[in-house]
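Only one structure is covered here, and it is reproduced in the block below.
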Amino acid sequence: MGLDWPPAWLLGLPTAVVYGSLAFFTTILHNVFLLYYVDTFVSVYKINKVSFWVGETVFLLWNSFNDPLFGWLSDRRFLSSQPRSGAGLSSRDVVLTRVRALGWHGPLLALSFLAFWVPWAPAGLQFLLCLCLYDGFLTLVDLHHHALLADLALSAHDRTHLNFYCSLFSAAGAMSVFASYAFWNKEDFSSFRAFCVVLAAGSGLGFLGATQLLKRRIEATRKDRGCPGLVMDGGVCEEEPLVGGEEAGSITLGQYLRQLAHHQNFLWFVGMDLVQVFHCHFNSNFFPLFLEHLLSDHISLSTGSFLLGISYVAPHLNNLYFLPLCRRWGVYAVVRGLLLLKLSLSLLMLLAGPDHPGLLCFFIASNRVFTEGTCKLLTLVVTDLVDEDLVLNHRKQAASALLFGMVALVTKPGQTFAPLLGTWLLCFYTGHDLFQQPPVTSVGSVQPWPEPPAPAPVQAPTLRQGCFYLLVLVPIICALLQLFTWSQFTLHGRRLRMVKAQRQNLAQIHTLNIKMV
């Protein structure tokens, strides 16, 4: 009976739909994790302050280094092969390897997600182990999923087509944030725990089903050279062994890093992306604070909660519009336009001042939505860098996961700098220390271990002014820095077309070499 699965109607789904569905199975878990894991350990499990910060510090280190570590372990054999006879891995085999990895790591991600919501160890130990396990499996899933974007398709049109479905399914998955509000109750945790079990079961089974479908579609190309419906440019149709040839030399991690150090477009991109990651997390960290101190007199509690929830969904919906623009004008031009829009809106808000609640509400929401949307478009730029890395270094196979991991290594510190720099700037400008204030509760945010409130009436106007200048000056400075670094990035237009053509030529040369042997 098991041989009849998957049914024929599922096998007829386009590959882009199946690939995009993997984003849904990740998003339904990750947004719930982001919203509730701190509140769960602080308010439900009563973790102490020292254990909390120890766990966060270890998590920071692990989160920074696991991307390149897993990328190197995954892709080092694509960079170097042991000199031995016999056929090696074809590009189809590389894709199958990534799909099988997703089939294992996706369900393990769901299991590690469940480990947060059931107390099974002392709170401090459970916090540390859960964070590291969950982030490890999340990293493995993200790396292989993003690498498939570069491996399944080569042309910009087909990659934006795949990314379109990722945005569509991510928007659907973000709805779990709204559903979670109906079950969240710190006093009676059982209903929320049951909700998380349902999410994890759906995610784990979804990963198993989607990867089985992808595997069937890719394996079918062995029998049908036309690759119908798989990818429009035949990205995984080649049979030639790209890894494992006798003349393949060995490359060390040090040599790979030196190659990246001479990859100018990679360096300019990670500089721009570091600022983008910083700005994305700055908006996430201070979104509740801005609503509290700039709009609390003008919006209700439910409106604030709705704005917080919709901010998780809107960036994905926004990309459904921007991705067709990327197909028409190119990712480079669309990203530059979004950076100019960010700068223009911020300057307009600075000139208008903090006394226009409607404009403030629009700016706070749009600033987060456009910034998050830009982050998601940059995945397409990394896939182009994968192509250029292959061409510049004459690789036999693109090291997609490894390059995504190296980008994450350089840009993830922005996640840490965002809250640290934001709170320092606010304290420097206003003399107000956020850690000595009671928790901001107007939109459901949680700050652990509140201390007795300090007298606020005298400082409130200054704090409001400080929040406003933080709100508008940070995106202005970020936009100026990004526009400069982005202007130095040359992998677009004629240069990008040349790289795409050379990658296709390299594949043809490898095919001829194998046939001659």
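Every residue, even glycine, has its Cβ placed from backbone N, Cα and C.
Automatic, uncurated: that is what TrEMBL annotation is.
For 16-38 (among others), the entry in TrEMBL reads transmembrane segment. Counting only same-chain residues 6+ beyond the ends of the transmembrane segment (16-38), those with a CB under 8 A from a CB of the stretch are 102, 106, 109-110, 113, 116, 130-131, 134, 138, 141-142, 145, 148-149, 152, 161-162, 164-170, 172-174, 176-177, 180, 184, 192, 196, 199-200, 202-203, 206-207, 210-211, 213-214, 217, 312, 446, 448.
Residues annotated as transmembrane segment in TrEMBL: 101-118 (among others). Residues 22, 25-26, 29, 33, 37, 40, 74, 126, 129-130, 133-134, 136-138, 140-141, 144-145, 148, 189, 192-193, 196-197, 199-201, 203-208, 210-212, 215 of the same chain sit 6 or more residues outside the transmembrane segment (101-118) yet have a Cβ under 8 Å from a Cβ within it.
Annotated transmembrane segment per TrEMBL: 124-141 (among others), in sequence order.
Feature annotation from TrEMBL assigns transmembrane segment to 162-184 (among others).
Annotation comment: TrEMBL describes 190-214 (among others) as transmembrane segment.
Marked as transmembrane segment by TrEMBL: 266-287 (among others).
Residues or ranges marked as transmembrane segment in TrEMBL: 299-317 (among others).
A Cβ distance under 8 Å defines the sequence-distant neighbours of the transmembrane segment (329-352), meaning residues of its chain 6+ beyond its ends; these are 156, 160, 322, 359-360, 363, 366-367, 370-371, 373-374, 377-378, 380-381, 384, 471-473, 475-476, 478-480, 482-483, 486, 489, 491-493, 496. Feature annotation from TrEMBL assigns transmembrane segment to 329-352 (among others).
Tertiary neighbourhood of the transmembrane segment (468-491): same-chain residues 264-265, 268-269, 271-272, 275-276, 278-279, 282, 286, 290, 294, 332, 335-336, 339-340, 342-343, 345-347, 349-350, 353-354, 363-364, 367, 371, 381, 384-385, 388, 422, 425-426, 429, 499, selected by CB-CB distance under 8 Å and a gap of 6+ residues from either end. Among the features that TrEMBL reports, transmembrane segment is placed at 468-491 (among others).
Long-range contacts of the transmembrane segment (266-287) within the same chain: residues 260, 308, 311, 364, 367-368, 371-372, 374-375, 378, 381-382, 385, 388-389, 403, 406-407, 410-415, 417-419, 421-422, 443, 467, 470-471, 474-475, 478, 481-482, 485-486, 488-489, 491, each at least 6 residues beyond the stretch ends and with a Cβ under 8 Å from a Cβ of the stretch.
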